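Colleague: Mind having a look at this structure? Questions to follow.
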Amino acid sequence: MSAAMDTESTYSGYSHYSGHSKKAHRQGRDRHKSPRSKDGSRSEKSVTIQTPPAEPLLGNDASRAEEAQDDNWGETTTAITGTSEHSISQEDIARISKDLEDSVGLDCKRYLGLTVAAVLGLLVFLTPIAFILLPQILWRDDLEPCGTVCEGLFISVAFKLLILLIGTWALFFRQPKADLPRVFVFRALLLVLIFLFVFSYWLFYGVRILDSKDTNYQGIVQYAVSLVDALLFIHYLAIVLLELRQLQPMFAVKVVRSTDGESRYYSLGHLSIQRAALVVLENYYRDFTVYNPALLTASKSRAAKHMAGLKVYNVDGNNASGQSRAMIAAAARRRDSSHNELYYEEADHERRVKKRRARLVVAVEEAFTHIKRLQAEEQQKAPGEMMDPREAAQAIFPSMARALQKYLRTTRQQQYHSMESILQHLSFCITNNMTPKAFLERYLNPGPTLQYDRDRWFSKQWTLISEEAVTSGLQDGIVFVLKCLDFSLVVNVKKIPFIKLSEEFIDPKSHKFVLRLQSETSV
């Protein structure tokens with residue numbers, strides 16, 4: 001306590017401009033710097049990676065200084081470029097390098113699966129043709145004449161193979177949407193079934209036809225037709241297992257983002273856990289607003305400030321229980337008043353957002369009005385002197401840049417919009433004759449992740465965490481997590497309950513009534 005009082009006396013004497021107070025002030029400043037050096041030595045394991053974005057409109061550092069700026073800030077200052085900083089630990093870097101190494105294995109596995117499927121598909125389509133051509137090549141003179149029946153069977157095989165080729169192309173040959181951690185069970189079973197089926201047909205063909213050199217050519221052709229018919233039925237089975245089985249909703253899943261608590265509900269059918277995770281991620285990029293870590297810094301700093309008020313120090317080691325109780329009581333009163341601080345902070349933030357939104361709307365409307373005047377003037381000029389939409393966007397952008405800059409900084413969206421992307425969007429709106437409201441729709445409210453460039457996403461590679469096997473089907477009560485570098489999605493699965501609907505018959509005669517009027521009633 002005495003050391004703290006001495007420090008206060010040295011700081012109070014600073015107002016008299018004495019030499020001793022200046023020296024004490026420098027000593028006190030050095031004393032306050034020493035804990036920072038200790039903290040710096042403790043954080044030697046962390047590393048900061050700085051990645052400059054492509055022509056950002058604002059820097060992320062400007063969002064911290066925004067709280068201390070008034071509404072008239074920046075009238076004579078222009079901030080166009082900056083850097084984006086993300087701090088990660090060495091463990092995260094090691095995990096990223098491991099993921100990159102694993103991605104090479106995933107690519108090999110994917111191409112190996114495609115190669116096996118392509119070879120098997122080629123074998124399937126060439127087998128019926130080989131069944132028909134081999135007798136004609138090996139023992140053509142010994143074959144019995146077939147005539148019109150075989151010609152009709154040839155036409156049937158040709159059209160069935162064409163239908164099977166188109167169906168196989170539509171069902172299997174698609175651009176892969178993701179790399180799953182495990183194989184798709186139903187697709188693997190279908191490939192095994194097709195292989196065993198074709199192998200058994202070849203085995204029977206080699207034993208009963210090639211070895212004996214069967215002369216009944218019509219029977220050989222019918223044997224090939226039966227193979228094509230069976231392949232068509234297997235293709236129908238593939239459609240049922242891969243496409244139709246999952247259409248009927250059986251489960252309701254709740255997806256919650258771990259950082260801000262944003263949630264959505266989706267209905268899913270009979271799917272495995274890994275395919276359900278893929279559906280959740282596809283809907284996430286479309287339905288969830290883009291993840292903005294800058295919105296979480298205010299709540300974290302406020303919580304840290306109130307937690308710091310609970311620290312009590314006993315400098316001299318004496319019994320200072322009364323002073324300690326007084327400090328704890330003061331910290332409790334400060335904690336009780338935290339809701340008032342939160343209320344006024346949110347009210348002030350909403351006021352500033354509304355004011356800068358109004359300024360932005362007015363500036364954009366004036367800029368688009370100027371565009372209409374420019375278009376009227378350009379119509380009177382020669383065709384070679386007319387401006388294209390890009391030049392028009394560059395001409396009117398400076399009039400709205402300041403208002404848009406300050407609004408994006410207030411709403412902490414500056415890291416998602418570069419100047420080049422804004423100019424492209426503005427030229428797009430000018431080309432399609434869109435209104436100012438259509439131009440501002442992208443900036444007034446945060447949109448889904450797909451609306452922004454891929455280099456602005458914080459979630460590109462995901463990790464599936466589940467207690468159950470990822471190839472097992474969904475069940476009631478299963479919880480799995482989709483984790484990326486900055487946040488995670490917690491998925492809770494609930495089965496849709498069985499609904500019993502009954503019918504109640506109402507007799508139409510029960511709605512009839514009789515109106516009796518008394519003769520004494522005055523009309």
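Heads up, the Cβ atoms here are built off N, Cα and C, so glycines get one too.
TrEMBL entries are annotated by machine, without manual review.
Positions annotated as compositional bias 'Basic residues' by TrEMBL: 19-35. Under the heading compositional bias 'Basic and acidic residues', TrEMBL lists 36-45. Residues annotated as compositional bias 'Polar residues' in TrEMBL: 74-86. Summarising the annotation, TrEMBL assigns region 'Disordered' to 1-86. Annotation source TrEMBL lists transmembrane segment at 111-133, 153-172, 184-204, 224-244.
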Colleague: Restricting to the same chain and to residues at least six past its boundaries, which positions have a Cβ under 8 Å from a Cβ of the transmembrane segment (111-133)?
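Modeller: Cβ under 8 Å, 6 or more out: 154, 157, 161, 164-165, 168, 172, 183, 191, 194-195, 198, 201-202, 205, 220-221, 223-225, 227-228, 231.
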Colleague: Do any residues of this chain, six or more beyond the ends of the transmembrane segment (224-244), have a C-beta under 8 angstroms from a C-beta of it, and if so which?
Modeller: 124, 127-128, 131-132, 153, 156-157, 160-161, 163-164, 167-168, 171-172, 186-187, 190, 193-194, 197-198, 201
Colleague: Which sequence positions outside the transmembrane segment (153-172), separated from its termini by at least 6 residues, show Cβ-Cβ distances below 8 Å to it?
Modeller: 117, 121, 125, 128-129, 132, 218, 221-222, 224-225, 228-229, 231-232, 235, 238-239, 242-243
